[in-house]
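Student: One structure is given below, represented as structure tokens, and several questions about it will come after.
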Amino acid sequence: MLTSKEKSDTKRLPMMPIRDVVIFPYMMTPFVVGRESSVRALEEAMAGDKKIFLATQHDASIDEPKPNEIYSVGTIVNIVQSLKLPDGNIKVLVEGVERAKVVSVADDEGFFRATVRTSGFKVETGPQLDALISRVTTLFEQYVKLSQNLNYETMVAAIRVDEPGKLADTVGANLQLTIEEKQELLEIFDPIDRLTRVAEMLDIEIEKLNVDRTIQGRVKRQMEKAQKEYYLNEKIKAIQKELGRGEKSEIDELKRRIEEAGMTADAQEKAMAELKRLENMPPMSAESTVSRNYLDWLLAVPWKKKSKEIRDLKFAEGVLEADHYGLEKIKERILEFLAVRRLVKNPKGSILCFVGPPGVGKTSLGMSIAKATGRKFVRMSLGGVRDEAEVRGHRRTYIGALPGQIIQMMKKAGTRNPVFMLDEVDKMSMDFRGDPSAALLEVLDPEQNFMFVDHYLDVEYDLSQVFFVATANVMHTIPAALQDRMEVIRLSGYTELEKMEIAKRFLVKKQIEATGLDSKQIDFQDDGINSLIQYYTREAGVRNLEREIGNVCRKVARQVVNAESGKDKKAPAKAVINGDKVPELLGPWKFRDLVVEKKNEIGAATGLAWTEVGGQLLTVECTLMEGKGKLTITGKLGEVMQESAQAAMSYIRSRAMSLGIPRDFYRNLDLHIHIPEGAIPKDGPSAGITLATTICSALTKIPVRGDLAMTGEITLRGKVLPIGGLKEKLMAAHRHGILEAIMPKENEKDLPDIPDAIKKTMKLHFVESMDEVLKIALEREIVALPIPGAELPVEAGKPAEETVAH
């Protein structure tokens, strides 16, 4: 263990505060004295034994520090030399003698006089001390070699010192430390502790210098590389100049391409101006890269190239029939468009919007249109887009700016007249960066899109030859102004017969090929496909049907592989997929026919609803409890549906006696109406007659027919108003096995849109009033109650207009 013994002494000396420097013992330091108090202290020392106590002040900005603003530990120094300067200041050279700690300070005729205590330590030598001295010496050698601020003589002088205290002070004085770190070292009186601390500081400083040297080396290499590249580029330019080629030829090539691009006059003028700027720029500058990118984009966009259109209606009809089954209205509209193109020389592009549930073929229709017309096809997905710059691009002032997706897709198409699909146009949103749907207003307006301006290109670009096709699941999320610019064509879901044909013509072949099978290994029969449609999928489109066909094919593929490897010797040579085989492969049915076990029930009726995924059945339940006429409505219903329930309740109360219900029934009863699947939001007025029928059934105790569905809005006077989505609703009823439906009389005009398969198999009742609804929907006829005081009895089936006043 390293040890040292202390002996102390007290002295009284003139004191001088110093700034931005810490004086160590054995250290020769010159500095200038200018403060009046410091000059007096210096003169006092010079008049005596030339010894003065120097201590660093805490804050160098203070001109006349107080004793408590000066560090308490400083150094007693000898004044070696003193020289008075012409400006009145004194330049002195001092040598540190020993460190001392202030005991007390007195103000003595304009300067400080301090009583200080010195501490002398006697160090016991030994191998541990020798090892510490050797370590510090070695570290200091490394430090001097790494540092550019110390010379070799300093290192030699330090190495020759064998006294630990003197070595610590010599090394500490030469380290690049802060004032605080040097003061900390000065305040350590024990030489062994001080030397140990110096060793720690040397380790840290060497690490810093190593990191600094690594960084400097990396920077130097990069600079050398940049200088080398610059030199080589200049040399290449000189060689090319000598050969008569080079940058000039590149500028000439760009100029030729601009002239041949077929740009508008405005765009060509802007391109030429940018080319002139590029010519005057240094080739290695960042701005030249920006200009070059801009010119590349201007030249990449198709200005005059057009696809040669196919205007043969028979060919187009054949393509559409081959790719899609059904969808007659859409096919007619596309063929009408082609007929117009054939008759008119320069017609404007069309803007169609396909609206329908998922999986009915909206996106694939766009590809078929491109194929039928001989045009290129590009697709831009708008789902989740909420930045206007996605459509119009960023201005060139931004770093990394690019054109918007419209221009990027036109570049991808390579022609002025592609079929441009704007997919999921109903799923755009907006935020602080703008509204992309507002940017689309210009794109989809035939009166404006011939001069569409992208923020990046900043020139007018003609989109009038583009055939725009938008797709959406619902219309209500699309802004009205955008709806107004598009011709909306609605795609309903497919009937079971249509799904059967689609599966046989397209899906089965596609999945057999995708799984590596062939017609010799698997055979889908009609009852097998029908089983998949009825019991494993329940959708408006055919996506899930294709998925289930794929599941069957994969399971058969596994059986084929096992049979070939000898693992499954019982596997048949050809898998026949029929109604019995499907459950073996896919497990139990996922969906059951809801009507098979459904009986007529009191207070429960089946309604029809329309959602963005197609038509759906809606069960409405009503129950009675003792109470005071409170109406509770549950099932996550929207405001419109809740108001429909209130209207239905008011109608029942106003017609209570004629419906066989006591007039004051509500005084003693509470009604609770519930629509199951409470987690799913429901809204709309079309459940009005279903709600009224359910309430009437619960109050009269007459069951509602279970094999019947209904839809229609109700008024307070009992009239039945028309609804929307009739085709989808009837298809949902047909899909669930319900073959009888009640609907408003005014919806009879929609019958031509209903598939023939549904009209032939379903019995449709068109009604005008609730009385007609109740006659059809309830199991038996209502018997009216006699009205007290009335001359004539009220008959059941009384017209809805004659309401009872309360």
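Keep in mind that glycine also has a Cβ here, set from the backbone N, Cα and C atoms.
Dumping what Swiss-Prot says about this protein:
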type: ACT_SITE; residues: SER686; note: active site
type: ACT_SITE; residues: LYS729; note: active site
type: BINDING; residues: GLY356, PRO357, PRO358, GLY359, VAL360, GLY361, LYS362, THR363; note: ATP binding site
type: DOMAIN; residues: 13-206; note: domain 'Lon N-terminal'
type: DOMAIN; residues: 599-780; note: domain 'Lon proteolytic'
Student: Starting from the ATP site formed by GLY356, PRO357, PRO358, GLY359, VAL360, GLY361, LYS362, THR363, give every other residue of that chain whose CB sits within 8 Å of the mean position of their CB atoms, in sequence order.
Tutor: PHE354, THR471, ASN473, LEU491, ALA540, GLY541
Student: Three states by DSSP: which one describes THR363 (ATP binding site)?
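Tutor: Its secondary structure by DSSP: helix.
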Student: Taking just the CA atoms, what is the gap between VAL360 (ATP binding site) and LYS729 (active site) in Å?
Tutor: 16
Student: Return the count of C-beta atoms lying within 10 angstroms of the C-beta of GLY359 (ATP binding site), excluding that atom itself.
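Tutor: Taking every protein chain into account, the count is 20.
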Student: Hey, how far is THR363 (ATP binding site) from LYS729 (active site), Cα to Cα, in Å?
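Tutor: Per the Cα atoms, THR363 (ATP binding site) and LYS729 (active site) stand 23 Å apart.
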Student: Quick check for the class: what is the C-alpha distance, in angstrom and rounded, between GLY359 (ATP binding site) and SER686 (active site)?
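Tutor: With the alpha carbons as reference points, the distance is 25 Å.
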Student: Closest to LYS729 (active site): which of the recorded positions GLY356, PRO358, GLY361, LYS362, SER686, going by Cα position?
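Tutor: The smallest Cα gap between LYS729 (active site) and any of the recorded positions is with SER686.
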Student: Expressed to the nearest Å, what is the distance separating SER686 (active site) and LYS362 (ATP binding site) at their Cα atoms?
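Tutor: Cα to Cα, SER686 (active site) and LYS362 (ATP binding site) are separated by 27 Å.
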Student: For the domain 'Lon N-terminal' (13-206), what is the mean per-residue pLDDT, to the nearest integer?
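Tutor: That region's mean pLDDT is 86.
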Student: Of all the recorded positions given, THR363, SER686, which has the fewest Cβ neighbours within 10 Å once its own Cβ is left out?
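Tutor: Sparsest of the recorded positions THR363, SER686 by Cβ contacts within 10 Å: THR363.
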Student: Please state whether DSSP places LYS729 (active site) in a helix, a strand or coil.
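Tutor: Assignment for LYS729 (active site) reads helix.
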Student: Near GLY361 (ATP binding site), how many other Cβ atoms are within 10 Å of its Cβ?
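Tutor: Result for GLY361 (ATP binding site): 25 neighbouring Cβ atoms inside 10 Å.
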Student: Let's check the environment of LYS362 (ATP binding site): how many other CB atoms sit within 10 Å of its CB?
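Tutor: I get 26 for this one.
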